[in-house]
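Features reported for this protein in Swiss-Prot:
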- 1-151: region 'Disordered' (REGION)
- 65-92: compositional bias 'Polar residues' (COMPBIAS)
- 105-123: compositional bias 'Polar residues' (COMPBIAS)
- 132-148: compositional bias 'Polar residues' (COMPBIAS)
- 177-225: region 'Disordered' (REGION)
- 249-279: region 'Disordered' (REGION)
- 255-273: compositional bias 'Low complexity' (COMPBIAS)
- 387-555: domain 'GRAM 1' (DOMAIN)
- 438-530: domain 'PH' (DOMAIN)
- 625-645: region 'Disordered' (REGION)
- 666-852: region 'Disordered' (REGION)
- 760-785: compositional bias 'Polar residues' (COMPBIAS)
- 806-817: compositional bias 'Polar residues' (COMPBIAS)
- 827-840: compositional bias 'Polar residues' (COMPBIAS)
- 862-933: domain 'GRAM 2' (DOMAIN)
- Ser1043, Arg1044, Asp1046, Ile1358, His1360, His1373, Gly1377, Thr1378, Asp1397, Gln1398: UDP-alpha-D-glucose binding site (BINDING)
- 1499-1552: region 'Disordered' (REGION)
- 1529-1545: compositional bias 'Low complexity' (COMPBIAS)
Amino acid sequence: MSPPISPTPPPLQPPFPPTAIARGPDRPDPPPQHQQAAESLVNAAAQHVAPTCPPTSDELPQMEDQATNSSNDSLIPSRQAPNQEETENAITAGTPPDEMEPTKDAQTVRFSSSSPASYSTHEYPTEEINEPRTSSRAPNTASSQMAESSFDFRSSRDIGSIRMGASALVSALNALPWEEDDDSDDGEDDDEFIEPARGSSSTIYERKQRPQTPSTSHGFHPTHTLHFPFRQNAIARRACQPGTTELDYQYATPETSSRRTSAAGSESSSEGEVPLPKGFVSHPNLIVPSGEGEAAAHPDPKLISDRITKEQQIADVEEQAEILRSAEEQEMRLGKEFVPPKSRDSADLNVDAALREGGSEREDVIEEQMQTNEAEKRLTRNEKLAERLMEVFGLEEREEVLEEMKCWLLRSVMLKGYMYLTKRHICFFANMPNENNLLVKSGPLHKKASRSKLNTKFWVVLKNDVLSWYESTSDPYFPKGNISLQYCHSCDAVSGTRFKVRTSERNYTFTADTESSRDEWVKAIQKVMFKTQHEGETIKLIIPLEAIVDVEKSPTLEFTETIEVKCIDAEDQMSVDSYFFASFPDNDYAFSAIQKLVRERPSPPELPRISSVTTIHANQEPLDTSHATIKRHGTDSSAEKLGMASHRPFRKISSVLKPLILKSSDGEPLEEHSQGPHHNDEDASHLPHIEAISNRRRSEEESDNDYFDGYPPRQVGPPPPSMNDDARNWRPSWIRKPASKLFGSSPSGSFVSHPGRLPTDSSTTVTESGPSLRSRTGRTKQASVTEVIEPPIQYEEEVSEDEMSNKPSVVDSNSAETARKRAARLSWTSETSSGSQMVKSKSDFSMLGSESGHSESAETVRKFRTFFALSDKEELIDHFPGYLYRVLPVSGRFFISTNYFCFRSSQLLYKTKESFRLMIIPIRDLYGLKAQKAFRFGHSGLTVVIKGHEEIFIEFRSASRRKACIALLEERMEAVRLSGENTIVDSHKIEARIMEDLDESTPVEPKSPWPVSPSPLFGSTTSTSFLEFKPEPMKITCLTIGSRGDVQPYIALCKGLQAEGHITKIATHGEYKAWVEGHGIAFESVGGDPAELMQMCVDNGMFTVSFLKEGLQKFRGWLDDLLNSSWEACQGSDLLIESPSAMSGIHVAEALRIPYYRAFTMPWTRTRAYPHAFAVPEHGRGGPYNYMTYTMFDQVFWRAISGQVNRWRRNVLGLDATTFDKMEQHKVPFLYNFSPTVVPPPLDWTEWIHVTGYWFLDKADEKQGEKSWTPPQGLVDFIDKAHGEEKKVVYIGFGSIVVSDPEEMTRCVVEAVVNSGVCAILSKGWSDRGSKKGEPKGDSEGADGVKYPPEIFAIDSIDHGWLFPRIDAACHHGGAGTTGASLRAGIPTIIKPFFGDQAFWAERVESLNVGSSIRRLTSHQLASALIKATTDEKQISKARVVGEMIRKENGITRAIEAIYRDLEYAKSIIKSLPSTDDRTPERISSLLHPLTTADLSFNRVRSRSRSRSRSSQGRFSPRRHTVDDDGWSVVSGGSRSRSGSASAVTSPERRPLNIGSALGSHVFKTALLPNTFGKWRNLEEGDDR
């Protein structure tokens, strides 16, 4: 009779109901119930994940008897079974039972525990599930069949390793409720006892606390920590977080008793139903009648079954993947000798882990144990690296990597890569990746014309694989010519400073300024040629330790020691080849490591040698036949003779040069049997016979026709086994490139240019009839050094049909597919090898008028790439005829390709003059397109806006062509932008690292920071231009005078030099001491007051006559103090960097005999491109005027100081007097710290003059140990409020400028701000210095009697680096540092120059159209400039582009590179000390003599009688008869010789100075001197007075 059906299911209760955990007084201390529950759960989980063997027929009866006994016995006979009405919830609340469906070969787990004597301690085996069950209901037939098929549990002896039970354990731990339910109802009957369910292996008892360690009666269970080798599997995750469907299924009320019985043996309860795990059968008396749960909704059984099946499949897949991954990691960690433990089965391990792991903290423990420590990671990585080396270098066996170091291999080209040290080999690996948009080198060179033979100076740029030359650095899109280095044969230095670049069509001759510059260009071009012709290839060097004779340090390079590895030549035992390695992270450590490795190498008998007569047996299966088979091309049935190689999956095409040293299992070298044309079945599995005659001399004796001239290199020794990776299509790779020789003096070790290709012209032969390999001398072959160049892997889809159709046939039909994969690198000699890469043009134009159909298009593409020197990857999309306007319209054709917009003139006149013949603009540089009216009737115009360049105007004959061009260009611009190819390469990255790591996916070592300077692409082994080899740490002194802006760049430079390991010091005015030392830089004080100097410059102008007159009165003593203090400040220096304004540096460096550099913030070197910064006219006057300003200023400046300087040289420095010509200032290396974007380097500057970029000092006002700078209070709110009101914010500040009327200047600025409608941040400092410092500064309300409006926020000082990026425009005085800061922020800049170089920067800003210049400050002009700066979109966008380019520069890095590069040159120009007889002529007066003694210079004559030989007169200067400048004075009216006559040779009156400008006339005419140049005298003539 069925009990009444509950109307609604009760709420869910915890998994353990009170009846399941209650105890009675007669049950004082029962065994733990959870132990048995865990045992059952683990059994259930293990049965579905751990396949086991089924029991034998003999074991089945015994197991049935045990099951019967276990069902009849009772652990506690005195206890009574509970009433049938009492119900109990299932103990599981996690994984549904059907998800834990076991396999047929499952094994149960038993928990053994020490219990009191009153309890039974024997185990109860699991009852066979397929046995008929005793129940109050008749089981459903289908359900019984399902249970019978699903629950066939068997015992097993070996279940596997711990990994096989780990997932089961996780499921059990997550499903088992370890915590005791403290909130259970105590009112329940505590005396009720649940009899053990049938089918379970033990009785469930309650316990208060789960033991943390297993308590077992068996002593063979050791305690261990459980490690989970893989993440929590899917079953455990679903057990922790079951889905809604799973919960509905678990807690659903069963419809029939048969389903409940057959599905899970579940129990019903008024509290709700939870199915028991499989293997648990409820007691017959506890089964609820079938009608109780019919009111509850139950899902469709088919849906449940499908869901369970799907989830089971997902779980199996995930779990299998985790197990395999764990197995692989475990095997790699332990090596091949790893043996799984056999002492314990997985059931015992699962039981121990279940008892030991804490329930509440199990997830944390699992997560913690899953994390591998650093030692394990390192071990795993070493194992992977050893495997990788064995594969890449073709080693015979896996060798432990003892050391891995970055280094350079020094040969005819410098190769950067990695060295790996093993117990048997020294391996070197270098890779040349594909790099685009790489600026390698640029600079001025003279090019010899092909017709006139005249040399013309161009700006030459080596970018990617193209050498181009331009008329100007400011016009980078119109090259005058170019050379594609891909087709160059050679680049060699010739006589003097000339070098030639040779192609198949013609030779090009270039001339550099110096031999060192010539060598750099030659190395750069050679390196790019090598890289281009071997792009994507790898270079490998394998040196067996057996071949090493000695290892020693060699001073090959000046700035670093190289490690020389000497190896015996395998060809000639009397010769030794040397390999030089340099630039290790630690040279001493690398040297000691290599030495130790060589000392501890095995003795020769222990090392396997390559025998000349070697027989290889292939009857052992482990022998990899694919690595020992070489097939001569042209033979038939190559697939058959390759044996297993044809079936071996392709693994790595670039496997290299494995030494032919194959061992048998006992370690002895294997012998190789010949396999002739007729062989039996037993020999069918043997290797084909290999015979390689590697002796060069023998081949010469045997064949007179086989002449070997040393190149291409040939293989020495038997071909390595790895060449069988593709043994059927050997072809010498040097055929495709005429001059791709890697090693200039190639050692006689083996040099294989491509594995898998047999050089047809080498002496290596393959025969099939000889019984054995023959030796050239009969003695054992020594291990030889292997050098390999491997081409990149080419895939089939990368090779076009045209390439295959034009490629010579070098392989048989069986290897055609492999040949297609490599055709791209082998088709160099094909004329149409790149034709298939063309996109069909939309027009029918052919540049040369070809009419050959499809070949016309291919010919067009080929010639397009040739004309513009573009790579084969560049695809021509379309081309249009049109006109390019360069003063006059130039007819030609515009080409649009994948990444470039090009133009080529078609006019004969322009072709002859090579003027505007070519235009090449990267599409990434295009800023916009704008249709416009044409200049001519019937044409359509188009304006092309280029980033950082002037606009280009072009015309088309029809609007349709213009529309098509615009559409295509816009499409390409968008495509380039989306593909990320629009990044601009840093201009300072002039050199590239072409060598990469061994394993691209896993770095060989952590990416430690390399030196700041980029690694060189054109390093010379004899030149310091190889910047990777830095000099030893030096003591560097920076000498400068002037304002704060003159000192700040040197602080930035010194901090960069300190980062390089040098000791730096700044010598400047004493008022900057605290500031300099606050940045951690040593300080030395020099004389002079910058405030007085600045005031004099503002009042009188820079270096005018009035400035000189006032200087005579005030600064004669100042100059003496400056010279003497500079000499003292520079003591102990190894290198001196000076601003030319300090005037003393070149003399101090000569006395100290140290390298000397100059650095300045404005142009100081003669050029026709820009005027002198102190003589900038209001309007441009052309190149002659610009050059004259430098000449004039140099002469006047030297004349002004020469007298005092020469006396100081004699009295303090111990040097003879000098002249302007003998100083040779134009030869001094110069560092200009402004941007090449703002001031492009002129063509007439030499190669030791560098425009490095700005030396920015971020947070200049911060000091070491002080808190960071913070903006003034209210400034941020002011800026945000203005932007919120849509007003522009500008900065106005003129620095510490001394002005005559500060009140008027303040009023002008305020009115301009109000009239322009902007908000201004005003930094009023123009009355804070010099004689004006006593005046009031003003406050935030106003200054100088002018009240500030709300639109002005007044500040005292501000960090420009913080402020400028937050505002819209800046107006300042035009100092070099402030101008650089505003341009760097990318905002329009307004400059009001006051003195010095400020007018120059104002002119540059206006020329670049990134701002305005105000010559005369008025409120109207300033307001107009502010309006234009904040509203002119063209000016704003141009300023933004310039800012982006400046931010990409790194001026400090480039300056340090230039210092390293020119250090050798700077040392070479140090003058030697003269002998006592070589005294220079001297002058007799000084500019700074008092004005009241006009003839004092004559009375101060100090004549010395000197005897000179003719041989000594020309030692220092070719103009030896030029007398010293000490006897001339602008003020005194000159001096005359003691003989009363001027020297006809040296008198300046007879020198044409070409001073015809208004400025020059004004300077010299206002001097009011009877003789502008004064009198010159020759002391040699006056000695005999």
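Heads up, the Cβ atoms here are built off N, Cα and C, so glycines get one too.
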### Task
Taking the Cβ of Asp1397 (UDP-alpha-D-glucose binding site) as the centre, count every other Cβ atom within 10 Å, in any protein chain shown.
24
### Largest inter-residue Cα distance among Ser1043, Arg1044, Asp1046, Ile1358, His1360, His1373, Gly1377, Thr1378, Asp1397, Gln1398 [record-listed UDP-alpha-D-glucose binders, Å]
23
### Segment confidence, the domain 'GRAM 1' (387-555), expressed as mean pLDDT
85
## Note on the structure
CB neighbours within 10 A of His1360 (UDP-alpha-D-glucose binding site), counting all protein chains shown, number 22
### Summary
The number of other Cβ atoms within 10 Å of the Cβ of Ser1043 (UDP-alpha-D-glucose binding site), counted over all protein chains shown, is 20
#### Entry: Protein Cβ atoms within 10 Å of Asp1046 (UDP-alpha-D-glucose binding site), excluding its own
23
## Note on the structure
For Gly1377 (UDP-alpha-D-glucose binding site), the nonlocal same-chain Cβ neighbours (under 8 Å, six or more residues apart) come out as Gly1045, Gln1048, Pro1049, Thr1161, Tyr1254
